[in-house]
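*Asks:* Pasting a structure below so you can have a look.
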Amino acid sequence: MDTRAFKRSLHSSENYHRKGFGHGEEVNQQLQGEYQSSLIQQIRANGYRWQQGDVTIRLAEAFGFCWGVERAVALAYETRTHFPTERIWITNEIIHNPSVNERLRQMAVEFIPVVNGVKDFSGVRPGDVVILPAFGASVQEMQLLNERGCTIVDTTCPWVSKVWHSVEKHKKVSFTSIIHGKYNHEETIATSSFAGTYLIVLNLEEARYVCDYILHGGDRAAFMAKFAKACSPGFDPDRDLVRVGIANQTTMLKGETEQIGKLFERTMIQKYGPDRLNEHFMSFNTICDATQERQDAMLSLVKEPLDLMVVIGGYNSSNTTHLQEIAIEHGIPSYHIDSADRIGPGNRIEHKPLHQNPTVAENWLPDRPITIGITSGASTPDKVVEEVLNKIFALRSVATVS
């Protein structure tokens, strides 16, 4: 499928919208009331430091809603305002934050149901309004909705669209796209649908496995078993790893994406020589600025003397998980929570350890003066961060009184 031609056709359709409906000022006031925080504004103005009693808060200097998320949520709100009586669907969570998605449900935005792991679009009718989330949607979903005569509101983050352009460039010159990401993440599913031949690698370890196969060959069956869910139909590692281009899920760790790109570059130089590198390797910078800023801020924060870290964001949020990884790699006890409701009753916290299911920790807040690092993922409103801080302050005041 010529995905570029399809996008041009879709974008010129009168049923396609991605720039809002003229309700920006009204919606902006609504979003400020629902998601912004006066406390967080005060902490920012105070040099990202705050002390209450014997609790010192150190806030990362970049955290929370990014521009792409703000844009997506605002456009979803505008859609409801512009289509007050129409049936509105969304193909997936608008962002990975439970409170924001619940708010859309309260606004009568219906989520496409998933049956046996597959989205069921049978309930969508011609004339229905369908929102594409910030992560984007696969080209096949867009095609289905367009052919069904739906009004499509596209909130895809421009940084995600930039990655789509990169894999389309790979496809145009018959390069295989090596995508650093999670094969079952909505963004990577969408990105791979715009690629030609592709292989998805989760981390540097998997990238090394692939590069070793490029240099030395190996067990083809074992390779295919390892990447069975992470490659394009008909993928052949002996045929499809001769010319490769690098792309990434925008929320992955910046440093790891760069390492993977350099690893494949070195591998192709070793295999084919430096003079022929451009025949076998290409790479475009598709690392999201907002992701990079939040990771850089976290790397600065963990250099401070912190007793523990609280990372706030959806449990299925990739960028939030990577912020937690940074804390753990620097030896700081870290608690990943998705809302203030995870704290209490008493000195307990329900949190999600890295790559594990949620669990409960008792007596997580030490009974002494403490310094707590705070950050939040790109899908987390400031209001949620405020609620977490107030819960911590309330818990410490109760502990002090007792």
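Cβ atoms here come from the backbone N, Cα and C positions, even for glycine.
Taken from Swiss-Prot, the feature [4Fe-4S] cluster binding site applies to Cys66, Cys157, Cys288, supported by sequence analysis. Swiss-Prot lists His96, His185, Ser317, Ser318, Asn319, Ser379 with the feature dimethylallyl diphosphate binding site, giving sequence analysis as the kind of evidence. The annotation isopentenyl diphosphate binding site is assigned in Swiss-Prot to His96, His185, Ser317, Ser318, Asn319, Ser379 on the grounds of sequence analysis. Per Swiss-Prot, the feature (2E)-4-hydroxy-3-methylbut-2-enyl diphosphate binding site maps to His96, His185, Thr250, Ser317, Ser318, Asn319, Ser379; the stated evidence is sequence analysis. If you look up Swiss-Prot, you'll see Glu187 marked as active site, proton donor, on the strength of sequence analysis.
How buried are these features, and what lies next to them?
*Replies:* According to its DSSP assignment, Cys288 ([4Fe-4S] cluster binding site) is coil.
Following the DSSP three-state reduction, the secondary structure of His185 (dimethylallyl diphosphate binding site) is coil.
Of all Cβ atoms in the protein chains displayed, 25 besides its own lie within 10 Å of the Cβ of Ser318 (dimethylallyl diphosphate binding site).
In the three-state DSSP classification, Thr250 ((2E)-4-hydroxy-3-methylbut-2-enyl diphosphate binding site) falls within coil. For Thr250 ((2E)-4-hydroxy-3-methylbut-2-enyl diphosphate binding site), other Cβ atoms within 10 Å of its Cβ number 29.
Neighbour density for Glu187 (active site, proton donor): within 10 A of its CB lie 27 other CB atoms from the protein chains shown.
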*Asks:* With an 8 Å cut-off on Cβ-Cβ distance and a minimum sequence separation of at least 6, pull the same-chain contacts of Cys157 ([4Fe-4S] cluster binding site), or say none.
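*Replies:* Within the chain, Cys157 ([4Fe-4S] cluster binding site) has Cβ neighbours under 8 Å at Gly68, Val69, Arg71, Ala72, Ala134, Phe135, Gly136, Thr250, Cys288.
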*Asks:* Over the residue list His96, His185, Thr250, Ser317, Ser318, Asn319, Ser379, recorded for (2E)-4-hydroxy-3-methylbut-2-enyl diphosphate, what is the maximum interresidue Cα distance in Å?
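*Replies:* Answer in Å: the longest Cα-Cα distance is 15.
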*Asks:* Among all chains shown, work out which of the binding-site residues His96, His185 has the most CB atoms within 10 A of its CB.
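*Replies:* Max Cβ neighbours within 10 Å, all protein chains included: His96.
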*Asks:* Give me the CA-CA distance between Ser318 (dimethylallyl diphosphate binding site) and Glu187 (active site, proton donor), in Å, as a whole number.
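*Replies:* Here the two Cα atoms lie 10 Å apart.
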*Asks:* List the same-chain residues at least 6 positions away in sequence whose Cβ sits under 8 Å from the Cβ of Ser317 (dimethylallyl diphosphate binding site), in sequence order, or say none.
*Replies:* His96, Asn97, Thr251, Gly377, Ala378, Ser379, Thr380
*Asks:* If I restrict to non-local contacts, at least six residues apart, and a C-beta distance under 8 angstroms, what lies near Asn319 (dimethylallyl diphosphate binding site) in its own chain?
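*Replies:* Listed in sequence order: Thr251, Thr291, Arg294, Gly313, Gly377, Ala378, Ser379.
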*Asks:* Taking the center of the Cβ atoms of His96, His185, Ser317, Ser318, Asn319, Ser379 at the recorded isopentenyl diphosphate site, which other residues in this chain have a Cβ no more than 8 Å from that point?
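*Replies:* Same chain, not in His96, His185, Ser317, Ser318, Asn319, Ser379, Cβ within 8 Å: Ile95, Thr251, Gly313, Gly314, Asn316, Thr320, Thr321, Gly377, Ala378.
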